[in-house]
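Asker: Sharing the feature lines straight out of Swiss-Prot:
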type	residues	note
BINDING	LYS178, ARG193, TYR258, TYR348, ARG352	RNA binding site
COMPBIAS	422-437	compositional bias 'Polar residues'
REGION	1-375	region 'P protein-binding'
REGION	1-402	region 'Ncore'
REGION	403-489	region 'Ntail'
REGION	421-489	region 'Disordered'
Amino acid sequence: MSSVFDEYEQLLAAQTRPNGAHGGGEKGSTLKVDVPVFTLNSDDPEDRWNFAVFCLRIAVSEDANKPLRQGALISLLCSHSQVMRNHVALAGKQNEATLAVLEIDGFANGMPQFNNRSGVSEERAQRFAMIAGSLPRACSNGTPFVTAGAEDDAPEDITDTLERILSIQAQVWVTVAKAMTAYETADESETRRINKYMQQGRVQKKYILYPVCRSTIQLTIRQSLAVRIFLVSELKRGRNTAGGTSTYYNLVGDVDSYIRNTGLTAFFLTLKYGINTKTSALALSSLSGDIQKMKQLMRLYRMKGDNAPYMTLLGDSDQMSFAPAEYAQLYSFAMGMASVLDKGTGKYQFARDFMSTSFWRLGVEYAQAQGSSINEDMAAELKLTPAARRGLAAAAQRVSEETSSIDMPTQQVGVLTGLSEGGSQALQGGSNRSQGQPEAGDGETQFLDLMRAVANSMREAPNSAQGTPQSGPPPTPGPSQDNDTDWGY
């Protein structure tokens, strides 16, 4: 029978092989889109700033078509480069689009001066300027920046220009994090991360973009695979760049921590709390199929290479193999473990229709039972004596019991139900508590009595200040309308 199991394992390996591994797919069968990309041949600080603003305006313009927005966004992300043409050439290494490089020598009164090699006529240059002037209506001050007049302020030197450009690029990179996942709920996280970069000095408050501009840029990223391929290449370069050597790629590497493995949270949480905890529940025959599936998925992830963390951003079809429905029982068990061991998972909505309630409860039971267990490998490395192990286990057990006796309804395990027994008892008062917790109930009763006494004293204070209690309702704030002297006669 061993041959049957070997064949089954090979079958799973064949099913989880990455798409395109055989090399028989067609290339170049799809029509390529011509994407115009702008480059600047000048290192003048003012020209470089005008170029960045020009690309930003086109990227969020209402009159620009999709290829023009995509090219302007790529140009904006390359505006820090000393030789922009070489940087743009990296974006052209793809089969999705053809990049048409349009060289700009400088700007005169806000008008781009195109190089003769670009073949851009004067009429087309004026059309580009008109498109750049068509901003969304939400930009009330006529600029993409919340601060009016920010783009008209000439930079002092190249350092000032780079700081401004980096402020814009940081906001663009922040929108990438949730561009392919929960983009409808990205406002809060984007604001939080932009505030973080403002505190670090990477983003200047003066050059904060309107939210509608960030939403437009995020929509362009969602719609264009060519832009996302360029973004992934920049993320890879940021990871390969040594820290502290490039201001721009230090920022890209920092943003990479938010983008890596997006859409694969369920897979990695299952590995962390379902596999890495090494509980005895993994010996259940009902979990053997899911464990075998996880083994093949880990192998698939390694075979994807450098693109594995960015499967969601690239829209890779192999990402569907990592969906938690493929290993539902092990996922349910891991989420039960995580709900007890890691309170941070409370923000992750891991409840699914296919979740097994029994395995989730099993995970909760194992997590609670292992709260006072000792990792033998770590204990051996620390050279703990038997007495030290017993003392550590007793201390952990005592702390877990004390923690469980405290009523904390917001941290109770109630993901599937939304309620907890401790929370309902807290609403009913200390008299309805279980008999096993008399001290906690008495403490809560004393606290409620104290709060009632404070409230009564606060209500009695105004009456004592007036000398006699009021027999009627309290007066209405403001001048009395029943007094003739207050009518102005």
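Note that Cβ sites are derived from N, Cα and C of the backbone, with glycine treated the same way.
Burial and contacts for the listed features, if you can.
Answerer: Secondary structure at ARG352 (RNA binding site), taken from DSSP and collapsed to helix, strand or coil, is coil. Cβ contacts within 10 Å of ARG352 (RNA binding site), excluding its own Cβ and spanning all protein chains shown: 15.
The average pLDDT computed over the region 'Ncore' (1-402) stands at 86.
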Asker: Take the Cβ of TYR348 (RNA binding site) and count every other Cβ within 10 Å, whichever protein chain it belongs to.
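Answerer: Neighbour count, Cβ to Cβ under the 10 Å cut-off: 15.
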Asker: Count the other Cβ atoms sitting within 10 Å of the Cβ of ARG193 (RNA binding site), across every protein chain shown.
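Answerer: A count of 21.
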Asker: Counting across all protein chains present, how many other Cβ atoms fall within 10 Å of the Cβ of TYR258 (RNA binding site)?
Answerer: 14
Asker: Using a 10 Å radius around its CB, how many other CB atoms surround LYS178 (RNA binding site)?
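Answerer: Excluding its own Cβ, LYS178 (RNA binding site) sees 19 Cβ atoms within 10 Å.
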